[in-house]
Each structure stands twice: as structure tokens, then as C-alpha cells.
Amino acid sequence: MTDTSTTARRIVFVTGPSGAGRSSALNVLEDAGFEVVDNLPLRLLDAFLDVPSSAQPLALGIDPRNRDFSTTVIVDALGKLTGIPGLAPELLYLDCSTEVLLRRFSETRRRHPLAPVDRPSEGIVRELEMLGPLKARADVLIDTTHLNVHELRAEVEHWFAPGGKRRLSVSVQSFSYKRGLPRSVDMVFDCRFLTNPYWVPELRSLNGTHDLVKKYVTADARFEQFARKVDDLSLLLLPAYRDEGKSYLSIAFGCTGGQHRSVVMAQCHALRLAEEGWQVSIRHRELDLRKNEET
């Protein structure tokens, strides 16, 4: 991660597959005070960056549909800019699952720009392969698979809105193993050994944010020791990650249905980290999905 102090001009390259939210992210950056240039032909990139300019932060939208798109050119440009005093180049990658990208194109009835007629999945796969080196090089990766436009705005503002030097940001989430592991997660803890409230009729329809469910889960004799050891592990590792320059860490707790045990554990862990002064956000994947299905 390059220097992003207030004395350095931020230059953010923004890319990602079609349908992942690149245009929305650029709009947020423009609202945050960035000069935004979208779809700049890569053959003009060097000349554009050589032009003297103000200290206003700059966001460059990189569209893989451009005829001269090249991951090598972009990576080389980032490397070149990194060595220039007073500049802070970064790569923001908007990621999204293939399934959700396909659904978004189906819902909008748009044709994927790289796909043969009526075969959008082929275009999505091709585009993701093209973007692979940039995803691996990304300084900030935002997975928009389960984000709405408001949540995406909050994520982009968190990383790039004015406010000085970034701190390590911690994301804590719960999930269901039935639906698979979350994408781009750093640490995963399995809560399925804890007593399951699902088998208690009066608790089945509730979730882990409810006091009765929390009381039931935390009453398990193994809960306190498990929670304490997880807290201790995170509090040991977070300063080390921060000191190494890591700016984002994702911690996930899973159980069978993602409704009870993992939710309680995620809530408790996020609260503990916040009490220690860490910047924490929390989300419950399955609860959010259910809420979206009901609206």
C-alpha cells in the first residue's frame, strides 16, 4: 500500500467486471472531491499523467471493454507512479460473483459487452480472466456481490473520502455453511459445535440478534472460552496486520443456517473489538439475504 497521507496526491485506478459497480464507485469518488476521468484510452495514459496538475485527487475509470485494454500497461503505470514523490497511486477493484453478475445483466436486459448474443456467461468469464492480474494487484478490493448501491457508497466513502490517513478497518460477518464461505475473507471460525437454538421451537424463528437467542447460545459451557480465545487471537493479530500496512481485514463466523450461533458470535466479537478501539463494521449475510428477499 502506498503513502496516502494528506501531502500526497491520490491517484486511484478504478476497475472491475461490467456490472460490479465501477460507474457507481466513480460517482461516489466525484462526490468526495476527486477529479474523475472515465474510459481514458490507455495509449493516452502516460501523456495524461505527465501533465502538471493541482493536488486534487484523481480517479481513473479503467474499462476492460476498451480496445486497447492491457493489464500490463496499468500495472506498469502503477509501478511508475509509486516511485514519484508526492503521488499516492492505488488500485480499487470492484469484484462480484459470476452468478450475481449474470443475474444483474438478466434483470437489466443489457447485453454483456464481451459476450456473443444470448450468451452473457461467456462474456463474464472472459472478462474475469482478463482482469485477474489487476484483482491480484488491487490495493482495495470491494466485493459488491451482496451490496446495494447505498452500501457500496458507504464502502467507497470509507476508503477514499477525505479524513486523513486510513486505519485498519475490520469487517465481521456471519454466514451459513450451506451457502458456502464468504468471498475474500481472511479468518474463518466454525461455530457449529455450539448448542443449536434451531432445535428449540420457540427460538427457531428468531435470530442471533434477539436477546433470547443470545442468552441460549452464550449459556453453552464452551461459549465463553471459545469467545475469549477468538478475541485474544484477533487482538494479537490486528496490530501486526496494521503495522505491516494491511488496511482491511475480514473475519467470518459460520454455522449451519447462519441465523443463530454465528450471528451471536459475530455480534459479541465485533463489540469486543470496538471496545478495544478498532474500527469495526458488521453484517449478517443470511439475515441480509432474507431481508432482501422479503422486500
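Placed from the backbone N, Cα and C atoms, the Cβ positions cover glycine too.
Per Swiss-Prot, the features are as follows:
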- G16, P17, S18, G19, A20, G21, R22, S23: ATP binding site (BINDING)
- D63, P64, R65, N66: GTP binding site (BINDING)
Top Cα neighbour of P64 (GTP binding site) in the set of binding-site residues S18, G19, A20, S23: S18
Of S18, A20, G21, i.e. the binding-site residues, those within 10 Å of D63 (GTP binding site) when Cα atoms are compared: S18
Of the binding-site residues listed as G16, S18, A20, G21, R22, the one whose CA lies nearest the CA of R65 (GTP binding site): S18
Alpha-carbon distance [N66 (GTP binding site); G16 (ATP binding site)] in Å: 13
Cα distance (Å, whole number) from N66 (GTP binding site) to G21 (ATP binding site): 17
S18 (ATP binding site) and N66 (GTP binding site), Cα-Cα, nearest whole angstrom: 12
Non-site residues, in chain order, whose CB comes within 8 A of the mean position of the CB atoms of G16, P17, S18, G19, A20, G21, R22, S23 at ATP: L94, C96, T144
Protein Cβ atoms within 10 Å of G21 (ATP binding site), excluding its own: 24
Per-residue Cβ crowding (10 Å cut-off), top of binding-site residues S23, P64, R65: P64
Winner by Cβ contact number (other Cβ atoms within 10 Å) across the binding-site residues G16, G19: G16
Cβ-based isolation winner (fewest other Cβ atoms within 10 Å) among the binding-site residues S18, N66: N66
